[in-house]
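Student: Provided herewith is a single structure, encoded as structure tokens, for subsequent inquiry.
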Amino acid sequence: MVYYNHKAIENKWQKFWEDNHTFKTGTASSKPKFYALDMFPYPSGAGLHVGHPEGYTATDILSRFKRAQGYNVLHPMGWDAFGLPAEQYAMDTGHDPADFTAQNIATFKRQIKSLGFSYDWDREINTTDPNYYKWTQWIFTKLYEKGLAYEAEVPVNWVEELGTAIANEEVLPDGTSERGGYPVVRKPMRQWMLKITAYAERLLEDLEDLDWPESIKDMQRNWIGKSTGANVTFKVKDTDEEFTVFTTRPDTLFGATYAVLAPEHDLVDIITTAGQAQAVADYKHQASLKSDLARTDLAKEKTGVWTGAYAINPVNGKEIPIWIADYVLASYGTGAIMAVPAHDERDWEFAKQFNLDIIPVLEGGNVAEAAYTDDGLHINSGFLNGLDKAAAIDKMVTWLETEGVGNKKVTYRLRDWLFSRQRYWGEPIPIIHWEDGTSTALPENELPLVLPVTKDIKPSGTGESPLANLTDWLEVTREDGVKGRRETNTMPQWAGSSWYFLRYIDPHNDQKLADEDLLKQWLPVDVYVGGAEHAVLHLLYARFWHKFLYDLGVVPTKEPFQKLFNQGMILGTSYRDHRGALVATDKVEKRDGSFFNIETDEELEQAPAKMSKSLKNVVNPDDVVEQYGADTLRVYEMFMGPLDASIAWSEEGLEGSRKFLDRVYRLITTKEIAAKNNGHLDKVYNEVVKTVTEHLEAMRFNTAISQLMIFVNAANKEEQLFLDYAKGFIQLLAPFAPHLAEELWQFLTQSGQSITYVAWPSYDESKLVEDEIEIVLQIKGKVRAKVVVSKDSSREDLEKIALANDKIQAEVAGKDIVKVIAVPNKLVNIVIK
């Protein structure tokens, strides 16, 4: 049996591609363009696992396919290399995070190159390179100039163990940090914010024009959270104070029986009575220990404290008590709500807990038993009585505006983006704070502001970053003698990844972010492949920065990514005991087809689970490439199932993919290759070309591979293989298994040239038409035989063929034939006595 030597072939062709710059991006503007982008990786110490190449293989297949179709293809790779893990490692070990990051990048790059991806490495970028982050800082200075980057004293999600504040999006539902799983507490701090809220409406509207999964668009819509309603102003009894609430249901104002302020609301300390001061102070402290997510969890027990103060309901003059409760957030809306417990579940539970009034203002339901949250005609509502929801809202908004106690309002759930981190390993923020109280951004000719090299990267202990320890770097003096201090916060990891797709277009430009003509040529990204976990972080931030750059006239498109595709997750094999607890794979042995815990001898259930180091079920692509070859890994990951499905890794599936490639190798190298076409494979070959082409366009890679298998099966049944069909088949294979395809292309052509830019095969529509067709022969409606006949045979010919058939003759012998019914291209039915 002949097998191909994957190590020799893959090493040979990877060297050829590198030596010949095979995948250098074409610049001829006469050709159509195709920009295929991967979400660039964070280069962790663990290196690649087999989940990474799934998305990378998909974009590589599309890139190779499009090159063969005559497109200029931009297919780059780089490194999202700032971030907490490298800094944490450096603090734990005393190593420089830059050195650690460089080692990790070298490992990732070696692994990625071993998989044969057709990246243009001349365009490689690294977010920690000062030549790159010069432009990250430049974008920040432009945001600052336009008032979209500002400082504010805000309650932040502080993580003591990380020594930094993190964004709302980085807090898990259990109130711990996404990175590290550490406790998160609320703490007021001076922070840099980016005014993403200024773009809320455009971020929402422009989703309609994108070819993205609807689930991702919905997640962004929900995160932006547009609400239409009204602001209502409540006066505080016996004071000059007032507060504003936003409500989507101003029509229920007659049912507002109490108000709730966030514990952090500015009014709380002003209006709290002496008798309630201690209870309020204690409650505020407890609230500060909880994350926003923990505070707003619908399932948690309702807590709160009365301030001792009352507000006046503007629509009926009634006094209503003012409470504080942690489920109201200072950062959301106005930090105050009017509570209508008859028609809101959370308000109803709170009112029941603290024995507050519940007044129904909509017909229907029994508010003594539960809140009524459906619609109904208005009751107990003065001038709104008898009106439906829409009419009542309109009438109430008109009344509020006429009386000067409210107005129509659109709000968004989206908060401004907390942009500063109290860490060392990030882009320095290019701002100087002067002793006269002013602040200035560095001019472009002073960028990049380079991150100083230091071993002293432990948190400062003051809430500032370790940069506060570096006096020589920190302190500056202006020409007029005024002293200043550099900003010590650094940018979050999201900064460099919010625009990296633009730098790939012109990565070596030291005069501007990228050349305008090149940006016009390549934008938008045609297909962006990556994980769905980035729906409301990276993807929203990148869209915001892109729209800002569009407003500046830097980029020519409103949106960065035209098509988004989320690949599924490759799951590892895991084992569970009778309690459902996961058991690490090194504690499992297989006996007689079953799996047992080595330590307890308990039989275990096998189940797929996310690959993790703790379960020891992470598959390293290096091992797969060594044993099976890169082409096998590529074909297997694409053949596992639909690209967007999450599927368990299978060694048997890997072996099956390798066997298929060995069959391809044997077919081409051992079958007689004929210069003349005998026509036997016309139909199957043309069908395969047509179908594979369609499935590649639709990113249905698993079914495209199935078609390749169909051709191999059909070709193996023939004595010889027509040369043009052999070559065409290898071209179809090339995007999936490029090393083997290059080797077999040379075997067939002896050209000495790569297959990369050979024109994609076409198919002959006329060859897809069936010349012959199978019909059934029946006696009294029951099938007795099947025969292949010429397509569109006449009734007379079909009758003759049926009566000449051996099986039919045996059945009708000695019997009278009453009639013969022939239906062209379908059947012949013989009726006998």
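Here the Cβ of each residue, glycine as well, is placed from N, Cα and C on the backbone.
Remember, it's a predicted structure, so these values are computed and weren't measured experimentally.
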Student: Looking at 41-52, 125-136, 341-352, 677-688, which one does Swiss-Prot call motif ''HIGH' region'?
Tutor: 41-52
Student: Given the ranges 95-99, 235-239, 610-614, which one is assigned the annotation motif ''KMSKS' region' in Swiss-Prot?
Tutor: 610-614
Student: Same chain only, sequence gap of 6 or more: which residues have a CB within under 8 Å of the CB of LYS613 (ATP binding site)?
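Tutor: The list for LYS613 (ATP binding site) reads ALA46, given in order along the sequence.
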Student: Using DSSP with the three-state reduction, classify LYS613 (ATP binding site) as helix, strand or coil.
Tutor: coil
Student: Restricting attention to the motif ''KMSKS' region' (610-614), give the mean pLDDT.
Tutor: 77
Student: Helix, strand, coil: count each for the residues of the motif ''HIGH' region' (41-52), based on DSSP.
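Tutor: The counts are 1 helix, 0 strand, 11 coil.
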